[in-house]
Amino acid sequence: MAIRLNHSVIPVSVKLGAPTRVSARSSLPFSVGDWRGVSTFSGARPLVLAKVKLRAESTEEDRVPIDDDDDSTDQLVDEEIVHFEERDFAGTACVPVYVMLPLGVIDMNSEVVEPEELLDQLRTLKSVNVDGVMVDCWWGIVESHTPQVYNWSGYKKLFQMIRELGLKIQVVMSFHECGGNVGDDVHIQIPEWVREIGQSNPDIYFTDSAGRRNTECLTWGIDKQRVLRGRTALEVYFDYMRSFRVEFDEFFEEKIIPEIEVGLGPCGELRYPSYPAQFGWKYPGIGEFQCYDKYLMNSLKEAAELRGHSFWGRGPDNTETYNSTPHGTGFFRDGGDYDSYYGRFFLNWYSRVLIDHGDRVLAMANLAFEGTCIAAKLSGIHWWYKTASHAAELTAGFYNSSNRDGYGPIAAMFKKHDAALNFTCVELRTLDQHEDFPEALADPEGLVWQVLNAAWDASIPVASENALPCYDREGYNKILENAKPLTDPDGRHLSCFTYLRLNPTLMESQNFKEFERFLKRMHGEAVPDLGLAPGTQETNPE
């Protein structure tokens, strides 16, 4: 019996080995059940259209023969059928897809790591029409030992390899440390000469209420302070960006580099380092405020005095610890101090420091890369989104409590600099989060909807990337839904998508087939197996 493809949403029936409840994060080669667009059904005699082998885990005893004349099997087959749907993206707008290269593709000696293997992988990406790759240009590698002495040699070799294959390059100005965060497989510190300054003046780093210094990146309190061998942090960032622009002029002229993403904080994201694993944070902890270096504290005291309440020039004293819950604190609980006069003052100041930092650095980036599109990344803090205070967002610098829009002002700042907004976590499903961590009251889908619409309302391009590794059709379908919203009356869509990340797992046969299928749909091309589970074929009439 064949599938009839006569609608843009294709229902499909699949026979599984045995009736069971399958988690959306199971180890199956594809995910079924418990997600939007997937449902088990019963009633009339079902149609078995495709058979799926579950990693050869079934035994002969599991295989129940189906006799078309035997009604006794009806109920059994009925329970074993899963029905799910996929949108047809053929003919939709093309969303370019880039692939992030490994974090350690350039080593600390500024050499390309395993260039032959990398070249083979790049050729494979090119063969399926990937648009380009994303490369982190690490501050800690290029300006490692001496101020204003830049070593771009490894990146020059890498970029030449990429150019010869006809791929584009998204370049990230990475002013943060790599290592210690989710997905980090190498350790690249910020420049040695900066760390030497930090030994005598640790206030150049973000600091929590207990005085712990986070060396991931520099505090925004020194943006205008000449504490880096006579330069401000802003001047250091600008000099680095300008050096890159001059060194790689030919790549800009040939449009090989269409966009520069500017790092604005930890992990290259515009946020405070409020949930550092190195200090014991675990998901879904609310995190802690990171404003206790002397420079940001002086800024807070000045703001309090200007407001006429000098005693407000301090951080909150009832926010508890990194792994607390909102309802376990006096500040973030429903009706807590976050919504008091002092709380609103503090959160306004804290979030304004974040926006002002982004404003200043993006202004410098536009000067350095005049005529080239710039972008910056915003993190997806989706846990505790369903609470009134949105505590995890507040500690990260997003004043997005239930009675405020925390992302509109950020989008307006991006618009001021004609910068694209790159947002994470587009592959995550709220239902998955509810099943795995129900206590987190997370809502990644609600957050994505809010941020994307804030950016689109400000008329700025919106790009995105996945927050966690993604190899399955379920995750890809969620990305596609967000990339090209079905119900958007204006037909808005992502300007591009960056896949995290090139690695051996992605290059495995089945995983790469799924990625290629996803790529075609992002490009608006048709796929022949729409609605079929991975590895299955349409069954023919007997």
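Easy rule for this one: first residue shown is 1, then count along the chain.
Every residue gets a Cβ built from N, Cα and C, even glycine.
Noted in TrEMBL for the protein shown:
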BINDING   D136, H176, D184, K377, H382, T424, N466, A467, R501  substrate binding site
ACT_SITE  E269  active site, proton donor
ACT_SITE  E465  active site, proton acceptor
Site of maximum Cβ density within 10 Å, from binding-site residues H382, R501: H382
E269 (active site, proton donor): tally of other CB atoms within 10 A of its CB: 22
N466 (substrate binding site), number of other Cβ atoms within 10 Å: 21
Between H382 (substrate binding site) and E269 (active site, proton donor): CA-CA distance (Å): 15
Rounded to the nearest Å - Cα separation of H382 (substrate binding site) and E465 (active site, proton acceptor): 15
